[in-house]
Structures are given as structure tokens and as C-alpha cells.
Amino acid sequence: MSPYIYMLLLSSLGLGTTITFMSSHWLLAWMGLEINTLAIIPLMTQHHHPRTTEAATKYFLTQATAASTLLFASTTNAWLTGQWDIQQMIHPAPAMMITLALALKVGLAPLHTWLPEVLQGLNLTTGLILSTWQKLAPLALLTQIPTMDQTILTTLALTSALVGGWGGLNQTQLRKILAYSSIAHLGWMILALQYTPSLTLLALIIYIIMTISAFLTFKLNKTTNVNSLSISYTKTPTITAMAPLILLSLGGLPPLTGFMPKWLILQELTKQGMPLMATLMALSALLSLYFYLRLSYSMTLTSSPNNSPGTTPWRLFSPKPSLSLSAFTMMTLLLLPTTPTTMTLLTL
């Protein structure tokens, strides 16, 4: 792909998200989401492979369904209340339809089935954009909707956390595992959204940092499945030694950065008088932790069966880690002590 076209598509992604961020009218918000969708589809199909074409088709059909539902719900709300403003979504029926449409756009369970299949058909760079940037605009709209009934958000959050944990247990493809990890983290974000939106923002920022670190690590090693992780040490020993810490941070283990949002969300649920929900969410985190531990085991404690000549090409391949990978890895591992400062900045 030409660099000029590539920059044009990336600029369109930024423009679509910015329009959605700045809009208070449902038509403008819908327009920003559509610009986002149309900009990422050429990025998905840039390698002209049947799997990328299939992934782009699935993504387009899913996003078109969600966008049409959102447009219908916003039109219905304008017909019932006479308002197009996002903050005036006061009728329960359109509010529920828009919540479900945005849940489909972002990949919340039980509307998640497209996400692992689409992510599996993409390369790691486009998959990273889909897992991070494409979630910003729908989550911004979910934050602005004054929902009347919190039951639907709680149900979506708990279902996403459980499905994200169960779904990744039997996967061998790294992109599918990261897709289910994304679904589980979205469950935590949505659960905090109805009580403390600043916690959702914190969880989203930390999730993006950790996901960038994981994707860049796999991209550097050129690995896309669990079996190929066993030869990572011969290619990049230092990065392979740091990768289990990145994965355990995604799982939410202390004293790593990923523990921060889970800890604060569980604390908030306890303050809201929801100990049962906090217990279920903590147990669902154990499911995700299992497949993160499985990846860590494959990278550090196993070696691929090979003969002596077979190891030569792997040893000759010595990619250099980028500055961005180093920076995001450090943030993934070392931000937990900054929790009080972070919370102070988010509540300003």
C-alpha cells in the first residue's frame, strides 16, 4: 500500500473518532462511527488474502448492522422526545437499543462472536488498531448515554467477563486469545461505567498500554500461535523474559500495572454494596489468568523439538526491539505505585 494512502486512512480513523468525541448530535456521532468503519476496512484488506477479505466482510456486516440499529434508535428517540441530543436519551426503549448497538460495535458478550473471527484474519498491526483505537468512539458514546436501567449494563459486563475467560481457554491462536482478553477487559470497563466513569477511563488507558505491549512483542517475534512461542527465546531472549510479565499484567496480578483497575473496580463494587458481583468478577479473572499462564509457560518453560541445524535460522534472526515497545513494556509493568496520583488526576 502506498504510504500516502496509508496516512490518509490513518488520518480518517483519527477524524472519525474525533467527530464522535466532539458531537452532541446523534447524526454526527453516527457519521463519525461510519468514517471509522470505512477507513479501517482498506487497512484490513491490504494484503489481499482470502482470510483478510473474509474478516473485512464480517466486520463490515457487523458494523453496518450496529450502525443501522443506532440510527433507527436515535430516530425513534427524536420522534418520541423531539430531541437529537445524546444527553437527552431519556426514553428506555431507544436507550436500550442504542446500548445494544454500541455493545455490538465494541464486541461485548453475548454480541461478541464476530470479534475473535475478525481478529484472527488480520495481521498484528491492524489487529492492534481494531483492539484499541476502534473501541474509543463506542465507549465514549456509552459514557454519555444517561441509561435508566442499569441491569442491561451489569448483565453485559458479567457475561463479557465470563465469556472472555471461558472462550480463551481452548484457543491456540494468539490473536483469538487476545480477542477474548479484550472481551473480558471490556466487561470490567462496562461494569465500572455505571458507577464511576473515571474508573472506566483508567481501565481503558491501562488496557490499551498492556495490549500494545503484547501485540508489539508478538509482532517482534513474528508469532501467531502458541506453538511458535517455544522458539521465541532463541530469537529474542530479553523480550521473551519480559513477555510473561506483560501477560501476567494483562491477567491483573500484583504488583504489575494490570492489577490497578481490577483492584479499584472491585473496591468500588464493594462500596456500592455488591459483594456477590465483585466475587463473580474476581473469579472470572482467574479464567483469563489461566490462558495467560499457559502462554507464559509456552514461552519460557518449553523448547521446540529440533536438531542442531534447525536452530541456526532462529539464532540468525535477531530483530531489534523498538523504543515504543520498551516504553509500553515499562508502563505495563511499573505503573501500580502511581495509583493515588492517577486517581487524583482522573477525578479533577
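Each Cβ is built from the backbone N, Cα and C atoms, and glycine gets one as well.
Residues annotated as transmembrane segment in TrEMBL: 6-28, 95-115, 151-170, 177-195, 201-218, 239-256, 276-293. Marked as domain 'NADH:quinone oxidoreductase/Mrp antiporter transmembrane' by TrEMBL: 23-287. Per TrEMBL, domain 'NADH dehydrogenase subunit 2 C-terminal' is recorded for 289-342.
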Top stretch among 201-218, 239-256, 276-293 for CB pairs under 8 A with the transmembrane segment (151-170)?
276-293
Can you tell me which parts of the same chain pack against the transmembrane segment (177-195), counting only residues 6+ beyond its ends and a CB-CB cutoff under 8 A?
106-109, 112, 115-116, 119-120, 127, 131, 135, 139, 142-143, 147, 150, 153-154, 156-165, 167-168, 171, 203-204, 207, 211, 214-215, 226, 250, 261-262, 265, 268-269, 272, 277, 281, 284-285, 287-288, 291-292, 295
